[in-house]
Amino acid sequence: MSFPLLTATAAVPALGAVATAAVPAARRTAAKWLALAFSLATLLLAAVQLVRFDPEAKGPFQLTESHAWIADFGVRYELGVDGIAVVLIALTALLVPFIVLAGWHDADPLETKSTRWRPTQGFFALILMVEAMVVIAFEATDVFLFYIFFEAMLIPMYFLIGGFGDRAGERPEAETATQRSYAAVKFLLYNLVGGLIMLAAVIGLYAVTAHQLGTGTFSLTEIVQARANGELEFATTTERALFLGFFFAFAVKAPLWPLHTWLPNAMGEATAPVAVLITAVVDKVGTFAMLRFCLQLFPEASKWATPVILVLSLISILYGALLAVGQRDIKRLIAYASISHFGFIVLGIFAMTTQGQGGATLYMVNHGISTAALMLVAGFLISRRRSRLIADYGGVQKVAPVLAGTFLVGGLATLSLPGLAPFVSEFLVLVGTFSRYPAVGVIATVGIVLAALYVLVLYQRTMTGPVKEAVRGMPDLRVRELVVVAPLIALLLFLGIYPKPLTQMIDPAVEHTMSQVEKGDPQPDVRVNDVEAAK
Amino acid sequence: MENLIGLLVLVPLLGAGVLLCGGRRLDSSAPWIGTLLAALSFVIGAVLFAGMLGRDGEDRELGTTVFSWVPVGDFRADVGFQLDQLSMTFVLLITGVGSLIHLYSIGYMAHDERRRRFFGYLNLFLAAMLLLVVADNYLLLYVGWEGVGLASYLLIGFWQHKPSAATAAKKAFLVNRVGDVGLSIAIMLMFTTFGTFAFGPVLEGADRAGEGKLTAIGLVLLLAACGKSAQVPLQSWLGDAMEGPTPVSALIHAATMVTAGVYLITRSGAIFDGAPDAQTAVVTVGAVTLLFGAIVGCAKDDIKKALAGSTMSQIGYMILAAGLGPIGYAFAIMHLVTHGFFKAGLFLGAGSVMHGMNDEVDMRRYGGLRSYMPVTFVTFGLGYLAIIGFPGLSGFFSKDKIIEAAFAKGGTEGWILGGTALLGAAITAYYMTRVMILTFFGEKRWQPDAAGEPPHPHESPRTMTVPMIVLAFGSVFAGGLFSLNDAFLNWLEPVTGHAEGHSPVTAVQVTAATMVVLFVGVALAWAQYGRAPVPVTAPRGNVLVRAARRDLLQDDVNHIVLVRGGEHLTRSLVYLDHTVVDGVVNGTAASVGGLSGRMRRLQNGFARSYAVSMFGGAAVLVAATLLMRAV
């Protein structure tokens with residue numbers, strides 16, 4: 001048997017979580033280094049996955065592992081990656097070391113607490129735990145296996161949001177604690193409700209397969225194959241109901257309007273690195289699952305629901321951007337910007353074109369990197385002034401030019417400036433949408449203007465103008481902070497100029513998904529070849 | 001040879017990278033590094049130009065694909081370059097005038113502590129603009145297009161400690177973004193129509209796409225051009241952009257940025273030729289803007305803003321010419337080049353005046369400067385003569401051709417356009433004479449600056465005057481050289497094509513009419529500002545003057561419609577999100593599972609209740625699993 005690479009990629013951070021949690025209270029610096037080491041080891045494994053993955057290979061999944069697990073219900077421990085998953089795993093593994101580094105001091109215990117209290121160990125262990133679960137969710141090709149980790153990741157996330165926040169500045173500690181637990185509970189309840197509805201659909205799926213195939217199965221490959229062979233056929237209403245059950249859970253996680261309101265609370269109250277973990281890593285499981293499960297398990301229902309979903313994503317794009325413009329809190333602004341971006345991702349997925357879905361997948365990666373850059377720098381800024389309010393800043397550019405510069409680059413990436421990675425994916429999504437639904441594509445471009453508005457207003461109010469008294473003497477980026485930001489910016493530039501390595505990975509997987517839905521790309525009116533032939 | 005094209009862009013880009021990331025060590029050498037790299041880029045351009053001259057007209061185009069940029073399915077975007085006569089013209093203008101502006105900035109920005117950054121941004125500006133003109137497809141052009149937007153954002157807001165500069169920069173970027181939407185929709189339309197957005201296939205296949213599609217593409221391309229070239233209705237950013245240091249204004253107005261729209265329309269000629277309605281829209285925008293800018297230029301007391309109005313108006317001429325189709329393309333570009341010389345010269349001259357006058361910009365506080373800054377006076381004066389179209393100077397040749405071409409459009413349209421262009425020429429003569437008299441002639445109306453320091457006007461240092469002198473040469477001779485044996489026309493013809501229209505008037509008549517309106521304009525300005533003393537504070541003026549001072553109320557309209565409306569919208573949405581959306585979803589959740597009561601209890605922050613909720617979730621899972629066994 002070959003080395004179980006996929007299992008290892010999830011097991012290493014899980015082991016890391018246990019090891020980090022076990023570090024004695026007094027040795028919290030050791031715990032940090034340990035967490036960093038484990039996250040880097042995971043990154044190494046993800047890199048090996050990327051190398052071992054062969055975009056040319058036949059078949060939907062590679063590096064597969066399959067073991068019987070709960071034989072009674074046909075639940076199997078089945079892992080496998082396609083081009084989409086392997087890229088998203090790489091993104092996750094890439095971001096976590098930066099999250100760890102950026103949050104280096106976020107969980108240092110306050111002097112007043114007793115020594116038995118070990119928040120630092122807990123903080124980093126929880127981060128690694130989330131990573132492990134996200135990785136396995138990306139790898140799972142068994143619906144039930146996926147569901148378990150899709151839900152289980154709520155637990156460490158819940159404690160990360162509720163247990164750790166920004167150091168109180170002018171607000172009293174008790175008030176921030178209340179806000180924080182409100183945000184954490186809201187996060188949990190929204191996602192639990194989504195998860196419960198999905199659970200019903202998962203059970204329903206099992207019932208249908210058990211009924212039609214004789215033995216029930218959760219295996220994505222088996223179900224897809226059985227459908228292709230005609231052994232398994234969903235009644236229209238059943239398929240739609242099951243689809244809605246899955247989609248609802250993913251739309252909460254993504255999040256899509258109007259199920260988005262947990263995100264600004266969660267991202268606002270959590271520390272910046274945790275906010276990045278939410279939006280750049282955990283939320284991606286939602287959009288990823290739409291591609292992998294909704295479209296592949298329920299292609300007919302997906303097409304049926306497309307018009308409504310397109311409208312919801314359009315609303316998300318515009319609504320999120322408009323609300324971002326109206327925010328007074330830096331982190332909430334970034335959260336609403338993310339809602340707008342998730343709108344683009346879902347739009348791309350349901351445009352059902354190669355460009356739309358390829359763009360959407362690329363968008364997930366690029367949004368992860370750009371939001372990480374912007375949010376982490378915002379976090380560094382907030383840690384200096386101990387306030388999240390935009391109005392408390394002004395003229396930072398003068399005192400901390402490097403911080404301001406990196407913040408600007410993060411912002412420019414967020415508004416999808418050409419030359420930076422997000423432009424490529426956003427444009428692909430727009431083109432992909434436009435080629436099937438021109439009106440939708442045109443309306444979505446309004447989001448481009450609004451993105452420029454919220455980013456530049458944020459930059460202007462915080463970084464330019466006369467230097468505010470409270471900002472005077474603010475130190476510029478420290479070495480640790482630079483180590484976090486510089487590679488992210490380099491990556492944004494690189495993927496903006498040369499996204500081909502990623503699109504090569506993603507393309508075949510998207511083609512496979514498209515073939516499941518049986519949709520081809522719309523064809524142009526005047527073919528280039530005709531033009532050339534006419535010469 | 002082909003590889004040099006990439007280098008053309010790469011050299012200034014490298015400069016930007018080195019200067020912006022280089023750190024304090026480079027502070028003292030930065031101006032020279034930036035200038036040398038700009039000059040190197042010009043040398044590369046000149047080498048390519050020499051090579052191009054060595055080949056026949058039809059055989060001058062160079063092309064190269066560097067690498068595949070975004071290949072997704074049928075969507076294939078390459079990083080590829082194309083250098084033909086049209087691109088070449090721009091390359092020489094951008095790098096030539098650009099290098100002179102770099103040189104000038106060495107003196108102008110000598111005392112600014114952030115000059116390393118300034119030169120980095122200048123280099124970035126050149127790189128983006130060069131990419132825009134040598135790209136071989138619309139998507140790569142778009143990268144340069146927005147790169148120019150970014151560079152202008154950084155430079156207009158360079159003195160960002162001033163809130164007005166930061167606001168102006170943001171405004172420029174946002175208004176440009178509206179235009180960018182036009183460009184992105186155009187690219188999407190091209191992709192769905194032609195399956196590609198590379199210049200070659202799109203422009204060759206254009207005639208087979210049908211007029212409806214072409215009109216749609218043409219109109220969104222026009223929207224894009226309006227944004228970058230500051231044409232009505234997206235003109236409002238240009239005046240505010242004067243918040244940037246003066247060399248930036250020269251760069252934006254002469255060599256880069258505002259010329260991009262003219263390039264885009266000329267480059268997409270095949271599309272517009274097949275879409276007469278789109279062409280009508282283009283000439284209308286050009287004609288309206290050329291009057292709009294000219295009227296605004298008449299009312300401004302700020303020397304830079306008066307020149308900004310003038311730029312808007314002159315670009316209006318170019319857009320008008322480009323909208324005329326093959327009758328006008330070559331003349332649009334010719335005016336663009338001559339305008340590049342004299343407008344850069346005028347802006348640098350204005351900067352030189354400000355340099356000597358404690359950064360005062362109000363022309364009512366100038367006066368009689370000719371003997372204090374002779375070089376500035378002479379170079380500025382030559383630029384002035386060129387822009388009003390004084391016979392024999394550059395502007396005379398290029399503007400005259402556009403007016404002729406406008407008449408040659410034929411029919412009522414021709415008369416309207418030709419008449420507008422003539423009227424514009426009169427107003428140009430008026431406002432430029434006004435600038436000239438207020439600044440260099442008449443009484444000294446100097447005022448002490450905010451610190452109470454009276455101005456001591458003096459000539460600027462050599463690094464500043466040399467570029468002004470070179471540009472003055474261009475302002476004087478370029479037009480004549482270009483018109484010799486129709487040299488410029490023949491040079492561009494293989495790319496843009498050329499057609500003679502059916503003019504109801506002869507060339508001589510047009511020239512004569514131009515001379516008359518020129519004289520009228522100058523005489524009016526002389527009567528108003530030359531003979532009578534000029535008050536230091538502006539008189540109230542009539543309604544039109546007051547409106548023109550406020551840029552014909554453009555900002556007021558924007559403010560009421562967009563800014564205030566937008567503020568109300570976002571504010572009410574924020575409120576709604578908090579109450580209705582959140583409320584409804586929470587309420588639904590509550591009615592489903594009675595969760596809200598539990599939610600309130602959970603908020604008391606006891607770890608125990610968290611644990612219970614976790615346990616609850618797990619229990620549901622287990623129960624579900626057991627249920628399954630029963631099924």
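Glycine too: its Cβ is placed from the backbone N, Cα and C atoms.
Feature list (source: TrEMBL):
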| type | residues | note |
| --- | --- | --- |
| DOMAIN | B:69-119 | domain 'NADH-Ubiquinone oxidoreductase (complex I) chain 5 N-terminal' |
| DOMAIN | B:135-418 | domain 'NADH:quinone oxidoreductase/Mrp antiporter transmembrane' |
| TRANSMEM | B:6-23 | transmembrane segment |
| TRANSMEM | B:30-53 | transmembrane segment |
| TRANSMEM | B:86-106 | transmembrane segment |
| TRANSMEM | B:118-135 | transmembrane segment |
| TRANSMEM | B:181-202 | transmembrane segment |
| TRANSMEM | B:246-266 | transmembrane segment |
| TRANSMEM | B:278-299 | transmembrane segment |
| TRANSMEM | B:315-334 | transmembrane segment |
| TRANSMEM | B:414-432 | transmembrane segment |
| TRANSMEM | B:466-485 | transmembrane segment |
| TRANSMEM | B:505-527 | transmembrane segment |
| TRANSMEM | B:609-628 | transmembrane segment |
Query raised in the report: Excluding the flanking five residues on each side, which residues at least 6 beyond the ends of the transmembrane segment (B:30-53) place their CB within less than 8 Å of a CB in that stretch?
Result: 1, 4-5, 7-8, 11-12, 14-15, 18-19, 22, 60, 62, 83, 85, 88, 91-92, 95-96, 98-99, 102-103, 105-106, 109-110, 115-116, 119-120, 122-123, 126, 130
**Report entry** Stretch with greatest number of CB pairs under 8 Å, the transmembrane segment (B:278-299) reference, B:86-106, B:246-266, B:414-432, B:466-485, B:505-527 candidates
**Finding:** B:414-432
Query raised in the report: Between the transmembrane segment (B:118-135) and the transmembrane segment (B:246-266), are there at least three Cβ pairs closer than 8 Å, leaving out pairs fewer than 6 positions apart?
Result: yes
Query raised in the report: Quick one: DSSP breakdown of the domain 'NADH-Ubiquinone oxidoreductase (complex I) chain 5 N-terminal' (B:69-119) into helix, strand and coil?
Result: 29 helix, 13 strand, 9 coil
Requested in this report: Count the Cβ pairs between the transmembrane segment (B:414-432) and the transmembrane segment (B:315-334) that lie under 8 angstroms and are 6 or more residues apart in sequence, then report whether there are at least 3.
Outcome: yes
Query - Positions whose Cβ lies under 8 angstroms from the transmembrane segment (B:466-485), at least six residues beyond its ends - result: 97, 100-101, 103-104, 334, 337-338, 340-342, 344-345, 348-349, 352, 375-376, 378-380, 382-383, 385-386, 392-398, 401
Query raised in the report: Can you tell me the mean pLDDT for the domain 'NADH-Ubiquinone oxidoreductase (complex I) chain 5 N-terminal' (B:69-119)?
Result: 90
Report summary line: Long-range CB partners for the transmembrane segment (B:315-334) (under 8 A, at least six residues beyond its ends), listed in sequence order, are 86, 89, 225, 229-231, 258-259, 261-262, 265-266, 269, 272-273, 279-293, 397-399, 401-402, 405-406, 408-409, 417, 421, 424, 479, 482, 488-489, 492-493, 496-501
